[in-house]
Structures are given as structure tokens and as C-alpha cells.
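Listed features, source Swiss-Prot:
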type: BINDING; residues: Ala17, Phe18, Ser19, Gly20, Gly21, Leu22, Asp23, Thr24, Ser25, Ala43, Gly129, Thr131, Asp136, Asp194; note: ATP binding site
type: BINDING; residues: Tyr99, Asn135, Arg139, Ser192, Thr201, Glu203, Glu280; note: L-citrulline binding site
type: BINDING; residues: Thr131, Asn135, Asp136; note: L-aspartate binding site
Amino acid sequence: MSNILQSVPVNQKVGIAFSGGLDTSAALHWMRQKGAIPYAYTANLGQPDETDYNAIPEKAKAYGAELARLIDCREQLVAEGIAALQSGAFHISTAGVTYFNTTPLGRAVTGTMLVAAMKEDNVDIWGDGSTFKGNDIERFYRYGLLMNPALRIYKPWLDDAFINELGGRKEMSEFLIKSGFDYKMSTEKAYSTDSNILGATHEAKDLEELSSGMQIVEPIMGVAFWRDDVEVKRETVTVRFEEGRPIALNGVVYTDLVELMLEANRIGGRHGLGMSDQIENRIIEAKSRGIYEAPGLALLFIAYERLITGIHNEDTIEQYRESGRRLGRLLYQGRWFDPQAIMLREAAQRWVARAITGEVTIELRRGNDYSILNTVSANLTYAPERLSMEKVEDAPFSPADRIGQLTMRNLDITDTRHKLAIYSSAGLLTGNSSVALPSFEKDKK
């Protein structure tokens, strides 16, 4: 049996994730006119482009909401962002520049906290502004049903009646004006933006064309570092971690992680740090393109990964990165709270993050251009004296030790040479290869 309603649930409470924008304003008022009883829930995610959160619930009431609530999600969102950082839950990157899954993290928090608030008000029908082509419709569906198994979904954008009457921005604006609201449609940008305290996503419209570069975007969390008229000064910043948690920036200790993230955003934003241009695979396997900002997470991630490479061994780092990519995909798919994701996340937090204590000093320049100036930690296993080219007292190993180690390598070298001779006899090492390979012969018995 489907949980999705395809027409307005008349005389029933309908919770709507209300942003105060044109889409949700028109949808809320239209639902009220059609006989639904809308309840509006607004998530305070620390969006950098939102100036007055308290005005949003009042706006919802004016459009016909029976009840309008503002839910502060910032603390939970930052906590989930730090958990993603600790576990390296980022699977999308281009040439080493990372997308920090900031929108999927926002959806995980919004989807769970708003539905929890709806349950308090005995609201078991939920709607939001996600379209059928995107990722969010599935993310919200999963998180909503995880929080409330009795939840039913009503999305105006899946209702033919709504689409036929108010299928575009022009129609929605005219509808509100005819209903007596002094609504002025904002100038439409060349792309759409979605943001929270962790980062911003710019996509769609002109950005769907790969010939439109990052230069058409006006950053909301940082500076347009690619412009010659934008001055960006070098800046040195020190980031301190304690058992995997960021606790200090430039010597200032933060007990409130929200305040720490805001300051990290300000520091990274002054340089345009963390901006990236990514082509990605949506949940439905169609490709999309986005321009992303995440100045604070990018700053923290540089320091965190520097400490990881200085503290952990190769096998641990490999496991952390492989598990992180897998976890990043689960997060992207709306499975952040699924058992397989919790298993990967908690393993990284316990066995990787717990050892990460120390300070990293970084020089920031333009965009993602930076240098690491110093790394300090009592947990470092980096010990230059072990490999020093100078003569040292009590060397950890001698030339004779290395001779013995190399002699042991003869075992697998012999096996490898034997296999290559088999492949050579079969003609597998000649022909199509553009590289001249040596001729191999089997060892004579």
C-alpha cells in the first residue's frame, strides 16, 4: 500500500516544510483553499542567506497555517557534520577537490527533526517542496518514515490539480496576488541555491550547461576568489582537535560547536576555500552538476586529514578512506541513519577519530590554494629520526637488517616472475601494449 497521497487530504492536518519562499507560500495557501488544514514547520539550519527566521512562521500563518513552528536544527546539523568529517563520509570529488555532502546532511536533520515535531502535534501527513526528478524526494521519504511509520506523504508537486493550476513561478505569484497578498516575485537568478550552516549548493537553470562556469555564481559563504578585483590576503590559521573533535581556532576554545562552525566559515570564506564544481550521479543514476561551498568544513577537513596521515598507519588510513566513500554514498542516498551507515560511522569515530588530538597550522590563499605550515600532536607516529639520512645514535634498524628484509622479498619476486612468464607465453604481455615490456622466461628447475 502506497504512503503517497495524490490529491489534497481534505479536513486533515497536513504538515509542510515551510521556507517562506514562493513555492511553499503558494502551496500552503492553495492547500488551505482546497480544504486541508496546513501546519507549517520551518527548520532553522543556519542558512547564511536567511536574515529573519522569526518572521517565517508569521508569514505562514498569514497564508493560512493553522499552526506555524520554528525548529532550531543548527546544533544537530553541526553534530552530524562533524560525524561526517570524522568518518570521511565524502564520496564525490574532482581532482582531489571534495564535495562535503552538505545538502544530504541537511536533509537528514530536517527530515527527522521536522517529522518529530509533527508527531508532537499529531500531524501524520507531510509535504515539502522536493520535485520528482531530484534526490530530496527520496531522502525526505526515507527519513520521514523512519521517524513515523504511520506517516503519509502529500506533495503538491505530485498532484496534477496543483500542477495544472500553479505549475510555474508566474502562476504562483499571480495566485497570491489575486488572493490579496502583496507578493512581489524576486528577480529570478540564473541558478537555484540551497544552503545551511555547513555549506551551499548552487545548481539548475544556467548551471545545467557545462559551458557555464563557476564564474556565474555569486558566493553566499565566501568570496568570488576568481575575480581580479576581489582582494584576498594570505592568512595563517591554527586548528586544534581533541579526540577527533574540533575545539579551537587560532587558540580560541569553543564549547559551542555551532559558534566554532560559524567562525570556521568566516575564516575559510574570506578565501573562497571549499568551493568546487562537481558532476555527480543522483540516486536515480542520472547525472547532475552543482557548484558547492563549504568553507568551514573544508578548513577543518584539511587539519583533520593532516593529523590522520601523521597518526595512523597505512592500513587504517586505507580502511578509513574506503569506508568513508561507502558511507558518503549512503549519506547521499538518504541512508545516514541506516544500520550499515551507523556501523561504518561509529567504527571510524571510535578507531580513527579518537586518536586525533593535535594542532595544524595552515596558510590560506585564494580558493583551495593553501599550505600546511606545522603539525603538532603527542600521538604522531611520524618520527623523522627513523629514516634520517644522517648518522644517528641507536638507529632503529641497520644495513644488515635491511639486507635480511630484502632477501625475504625473493620469495614473492620469484612467484611474480613465474606468473609473468606464464602470461608472456600466452601472448598477454605483447601486442596491444604501448609500453615495451621485458621478456620473461620461467625459472629453470
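Cβ atoms here come from the backbone N, Cα and C positions, even for glycine.
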Distance [Cα-Cα, Å, rounded] between Gly21 (ATP binding site) and Ser192 (L-citrulline binding site): 12
Candidate binding-site residues Ala17, Asp23, Thr131, pick with smallest Cα gap to Glu280 (L-citrulline binding site): Thr131
Max CA-CA distance, Å, over listed ATP-binding residues Ala17, Phe18, Ser19, Gly20, Gly21, Leu22, Asp23, Thr24, Ser25, Ala43, Gly129, Thr131, Asp136, Asp194: 19
